[in-house]
Amino acid sequence: MNNKILEQLEFNKVKELILPYLKTEQSQEELSELEPMTEAPKIEKSFNEISDMEQIFVEHHSFGIVSLSSISESLKRLELSADLNIQELLVIKKVLQSSSDMIHFYSDLDNVSFQSLDRLFENLEQFPNLQGSFQAINDGGFLEHFASPELERIRRQLTNSERRVRQILQDMLKEKAELLSENLIASRSGRSVLPVKNTYRNRISGVVHDISSSGSTVYIEPRAVVTLNEEITQLRADERHEESRILHAFSDLLRPHVATIRNNAWILGHLDFVRAKYLFMSDNKATIPEISNDSTLALINVRHPLLSNPVANDLHFDQDLTAIVITGPNTGGKTIMLKTLGLAQLMGQSGLPVLADKGSKIAVFNNIFADIGDEQSIEQSLSTFSSHMTHIVSILNEADHNSLVLFDELGAGTDPQEGASLAMAILEHLRLSNIKTMATTHYPELKAYGIETNFVENASMEFDAETLSPTYRFMQGVPGRSNAFEIASRLGLAPFIVKQAKQMTDSDSDVNRIIEQLEAQTLETRRRLDHIKEIEQENLKFNRAVKKLYNEFSHERDKELEKIYQEAQEIVDMALNESDTILKKLNDKSQLKPHEIIDAKAQIKKLAPQVDLSKNKVLNKAKKIKAARAPRIGDDIIVTSYGQRGTLTSQLKDGRWEAQVGIIKMTLTQDEFTLVRVQEEQKVKSKQINVVKKADSSGPRARLDLRGKRYEEAMQELDNFIDQALLNNMGQVDIIHGIGTGVIREGVTKYLRRNKHVKHFAYAPQNAGGSGATIVTLG
């Protein structure tokens with residue numbers, strides 16, 4: 001599509017309306033490159049994405065995405081084997097975290113049926129290993145001391161040396177106070193110094209690093225701290241070297257994943273762009289138009305996007321209709337209507353919502369041409385007419401049946417009679433070429449052309465004779481007429497003069513009466529349509545209110561059911577805890593073997609009341625993502641009767657499967673277990689399985705990682721993990737639950753507080769996970 005139309009209709013200003021809604025630099029780049037598309041499937045895809053985003057907002061009322069800088073240059077540098085600085089790594093860390101958050105957000109979506117966005121969400125990749133490593137970079141762009149053992153050692157030594165220097169200098173401040181200009185420790189060239197009065201410079205031995213501008217103060221590094229300061233200087237150099245080494249290592253970690261990270265960044269930016277388009281649509285009461293298979297246009301209550309408080313109008317361009325000619329005097333809003341049509345079409349073909357009501361329809365044109373300039377008159381120079389005619393000639397040479405042509409004041413700038421003839425001839429050529437055209441003119445001759453010619457329709461802008469001002473209401477099918485006599489009368493022109501003027505135009509009186517009747521009929525039809533629209537709006541508000549109440553009721557019902565389930569689960573947990581106590585006593589007396597204890601515990605669990613979870617959203621979602629393929633050796637499974645997780649190890653000749661479930665090997669039929677969906681990142685690396693080894697209480701500690709788990713799944717794994725740890729006499733275990741929303745962390749705390757076998761538990765030290773991990777002492 002030609003770029004000139006974008007300038008003429010100020011399409012860039014429309015794009016600026018969307019800019020405030022964007023949060024990522026990637027989406028800003030996408031907006032800047034946005035242009036009208038000429039392929040209906042691509043436009044339809046853009047509209048489907050907005051519809052999907054609307055569903056997300058209806059269900060969740062928000063779609064969170066953080067501000068992200070562009071990482072394109074950083075990724076190019078990685079491809080060139082360059083190392084990234086810490087700020088570049090911090091931005092990539094945010095992209096990785098945002099990708100993970102978006103994946104979890106998508107997995108939690110309920111009652112949303114996507115048409116296009118699902119492919120974007122599913123193409124996002126997670127990098128748990130990279131994210132774990134990048135925890136060493138804090139949000140302030142600083143490397144944490146636990147980034148490497150060497151960095152921790154250097155910083156510890158640095159802290160100790162600086163503390164010793166401060167202590168020595170603090171003592172000297174007290175002892176040599178009368179020799180100092182100020183009672184403080186200063187810094188010069190990265191070394192700690194004392195501000196000594198120049199007259200006493202020889203009283204303190206050391207190295208002079210600076211002299212004040214007045215010469216009254218000398219900054220001396222006392223000899224007592226010279227060696228320590230040199231040590232600090234060396235340690236800082238070592239620190240910089242180690243930080244550079246760590247940044248190099250981080251860059252090497254990222255290099256194999258550049259293409260995937262780039263794809264993630266693009267998806268996040270595109271989702272942000274779709275979000276912005278939806279918010280623009282919502283705030284401006286815009287809609288997603290339908291796309292016609294032919295050149296049909298139907299814009300209902302369409303508004304100009306760049307005007308404040310624009311007047312809404314209906315415009316219908318049926319398939320058979322070739323041209324609409326807007327006639328009537330100037331200053332009535334004809335040019336605005338012309339631009340409104342052009343901008344609505346440009347926005348729609350760019351995949352943007354259109355400022356029109358639901359049910360509106362756009363066509364798909366290969367090109368849109370316009371000759372729109374300042375209003376012309378016969379007093380203007382011939383050069384202006386020549387300029388416009390040159391442009392019109394160019395349009396006629398390039399336009400075809402897949403084009404939309406817009407002419408403002410066609411034929412103006414020359415003799416009225418010749419101009420009107422030229423305008424009719426140009427419109428006739430476009431009509432015969434089947435090219436959709438809208439033209440404005442103040443020539444009365446074109447009214448007759450619009451009435452007498454097939455597939456051409458007149459239109460005009462409404463004028464309020466009472467207020468003597470235009471209403472900017474578009475009246476399709478009604479030719480424009482002059483209101484000169486009414487205006488002159490209301491402004492006080494003598495009645496006999498007005499009467500005489502009317503007599504001089506008797507030949508046009510019949511036409512004017514017909515136009516007046518058409519105007520009256522159009523206004524009456526519009527009033528009826530407005531009344532119908534008011535009723536439709538009331539019905540729409542009522543339907544929305546009913547839907548909102550239903551959603552609120554469903555939400556409250558789900559909360560109550562969840563609460564009841566939790567209470568029931570607590571009762572079951574209490575019973576199971578009692579059984580654990582009995583089993584532990586038996587184990588302590590060596591009356592049962594470990595596998596016999598687990599079998600006994602499974603029998604006890606069968607006594608627990610069975611809860612009907614057929615309508616549980618979480619379990620239903622788990623069923624949805626269950627692998628739709630035959631099981632294979634190595635697949636992760638959940639044993640239905642036990643609710644425990646295991647791994648398929650082999651298949652027997654009779655079709656049954658052998659599975660390792662904790663420390664027990666089981667034989668199962670295929671209907672006794674379900675497959676667990678394996679994340680993409682787990683396909684490229686061996687799955688890490690937490691194994692509790694037999695050891696005494698002072699031996700190695702077991703670790704359970706619950707990050708990314710569902711609440712029910714996490715609690716089940718935690719219960720099984722503690723069981724195995726107790727059976728194997730583990731004295732201490734680590735549970736990694738992350739920080740996240742805090743749901744898993746709170747669940748772990750509640751479980752440990754209730755479990756009688758837990759002697760003590762507390763968050764891990766800061767360098768071992770902090771509040772993202774819990775250390776548990778068993779006994």
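Each Cβ is built from the backbone N, Cα and C atoms, and glycine gets one as well.
According to Swiss-Prot:
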- Gly328, Pro329, Asn330, Thr331, Gly332, Gly333, Lys334, Thr335: ATP binding site (BINDING)
- 704-779: domain 'Smr' (DOMAIN)
Of Gly328, Pro329, Gly332, Gly333 (the binding-site residues), the residue whose Cβ has the fewest other Cβ atoms within 10 Å:
Pro329
Cβ-Cβ distance under 8 Å to Lys334 (ATP binding site), same chain, at least six residues away:
Ile326, Gly328, Asp408, Thr440, Met461
Including all protein chains displayed, how many Cβ atoms other than that of Thr335 (ATP binding site) lie within 10 Å of its Cβ?
20
Averaged over the domain 'Smr' (704-779), what pLDDT does the prediction give?
84
